[in-house]
């Protein structure tokens with residue numbers, strides 16, 4: 001049994017198709033993310049699940065029952081809004097009690113329930129505080145508590161970390177994951193930030209132009225993307241344009257547009273002579289000699305220090321600027337030095353050229 | 001040195017406001033208060049005392065006119081809120097960005113015409129030989145022309161029409177500040193339309209509601225032209241009594257007394273209204 005299922009959900013706004021035949025099944029208690037660039041239709045999809053928009057076609061089921069006929073206030077999915085939408089004229093306790101009072105809980109039970117949920121999100125005793133007295137991270141937790149106190153079947157989160165500063169965002173990622181474990185509720189999380197989706201999710205759906213490109217575990221998306229869009233959007237990638245010169249089983253020899261030939265795994269059905277892009281993860285690259293057809297020459301453009309995420313920017317002789325991972329910034333190369341960049345050919349993948357790329 | 005410059009600029013910035021309040025509001029009111037405490041005992045002979053106030057209390061017609069004015073003003077304020085809220089809601093929340101400014105301007109258009117002309121506009125419409133009456137007779141709905149002027153209903157309608165703008169403006173500005181996500185959160189957490197309205201929209205709009213109500217109530221209670229022109233002799237508006245004392249009877253002492261009483265009484269009503277609804281000026285009108 002799935003907590004939430006969408007079956008070929010489509011939403012048209014006039015002649016524009018915002019969501020195009022999307023299907024998904026979210027098992028109970030899992031953390032599911034929808035990852036996509038802004039304008040890809042992910043917010044529209046979430047608003048349809050919450051009931052603020054009606055699908056043009058398709059069905060949405062919660063715990064197996066279609067909810068299309070139910071108004072938003074009768075669906076047992078709760079939503080954490082992008083800017084949280086805490087009620088500024090109510091205290092923290094009243095914000096949380098609002099949903100309980102709407103549900104018609106006995107007046108005497110409400111304070112105990114509010115106290116219990118505040119305890120679970122790690123903010124005991126803040127009932128009487130005003131919303132503006134809370135810090136960004138605390139507001140976040142109150143917004144989640146306000147939903148969780150109603151024991152929803154699914155909790156929807158619409159990029160709630162977007163407004164936080166970087167440090168707090170990193171912290172909240174871990175905390176959200178822990179909260180999800182603690183409540184054992186199904187989370188549907190929407191984001192355009194691939195690192196949020198990768199870190200927190202059990203399953204990620206990558207969405208582009210109203211469609212799901214790929215659904216899978218974060219590791220699967222990262223290591224075995226099914227399209228150029230997923231390869232480019234999930235994680236960092238270097239991308240080299242070229243044309244398939246020869247196909248050898250699973251591999252292809254790609255003639256790069258700037259000159260030179262490299263070997264790459266075939267990620268999709270692109271055939272001989274097709275325009276393709278070769279994707280290389282920065283951490284798959286190293287300074288030094290690689291396999292034949294897995295080496296390119298260039299000049300060190302600059303060194304970017306960022307702790308364990310340090311990079312060497314290499315200007316390739318045949319055109320593009322690529323990033324090479326350099327954990328520890330060992331100092332083996334200097335700026336403007338002529339270098340050879342190599343990689344394991346199994347970690348290079350080519351996909352048909354993306355539209356517009 | 002810096003501090004002195006700061007002080008000077010503060011004084012200069014405050015000066016117009018202080019002069020305005022001091023010279024045009026406080027000073028005349030003090031004068032009126034002073035005159036109201038003067039009892040005329042003979043030609044050019046005065047004594048100090050509360051005699052004028054005692055006269056007011058002793059005369060039921062004065063008292064009743066003041067209460068009537070207050071009640072009618074409360075009614076007008078309530079009606080203005082009832083009619084103004086949907087209008088403000090439409091302008092702030094439903095209208096598109098582009099038509100919003102045009103709609104707001106449309107609300108302001110009546111202000112371009114003088115009060116007097118607007119009141120005569122109502123007279124043209126509502127008098128016995130007026131537009132409404134003629135049309136109704138022409139359509140065969142009524143047999144004889146009717147006089148629709150000079151009754152309380154007309155006065156209330158005219159007053160609501162005059163003051164409603166001052167209700168709409170503060171409402172629009174507070175409602176515009178409301179994030180639509182608050183409403184959606186209200187529904188999402190299980191509230192119906194009524195609950196969302198009662199527990200989210202109204203509390204959020206409260207600063208605008210209070211500001212609008214105070215302004216419209218004060219304007220209505222202190223209005224003169226509309227009740228006189230539309231209500232005629234039957235209007236019995238308290239400002240008419242003040243006018244009569246000052247101008248017709250040349251009894252400045254009584255007129256001043258009535259003026260002080262009107263100010264005091266309307267302030268009392270506003271205070272009572274704030275207390276009854278559990279609001280205070282600092283949490284509503286002066287809220288940032």
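Every residue, even glycine, has its Cβ placed from backbone N, Cα and C.
Checking the ranges B:153-173, B:174-194 against TrEMBL, the transmembrane segment annotation falls on B:153-173. When the ranges B:103-123, B:124-144 are checked against TrEMBL, the one recorded as transmembrane segment is B:103-123.
Comparison of B:70-91, B:103-123, B:250-274 by number of C-beta pairs under 8 angstroms to the transmembrane segment (B:204-230) places B:70-91 first. Remote same-chain partners of the transmembrane segment (B:250-274), defined as residues 6 or more beyond its termini with a Cβ less than 8 Å from a stretch Cβ, comprise 29, 32-33, 35-36, 38-40, 52-53, 55-56, 62, 66, 69-70, 73-74, 210, 213-214, 217-218, 221-222, 238-239, 241-242, 280-281.
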